[in-house]
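Quick look at what Swiss-Prot annotates:
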- Cys5-Cys67: disulfide bond (DISULFID)
Amino acid sequence: DPATCEKEAQFVKQELIGQPYTDAVANALQSNPIRVLHPGDMITMEYIASRLNIQVNENNEIISAHCA
């Protein structure tokens, strides 16, 4: 659901930036699918409004989130 994704992207940006991405974080989120983007990952360019993209750094810490 795109509305759920947007709500969760805002939550991640407000509450989880700098936190490690863990199974507990993944299980707490309702968006489906969730794509975790690591530095250097190749990504596909198709737009899926309900997909939550969580960007992490080399230490697996959350640095950004958006829907696409």
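Backbone N, Cα and C atoms are what each Cβ position is placed from, and that goes for glycine too.
DSSP classifies Cys67 (disulfide bond) as strand under the three-state reduction.
Each of the disulfide-bonded residues Cys5, Cys67 was scored by the number of other CB atoms within 10 A of its CB, and the lowest score belongs to Cys67.
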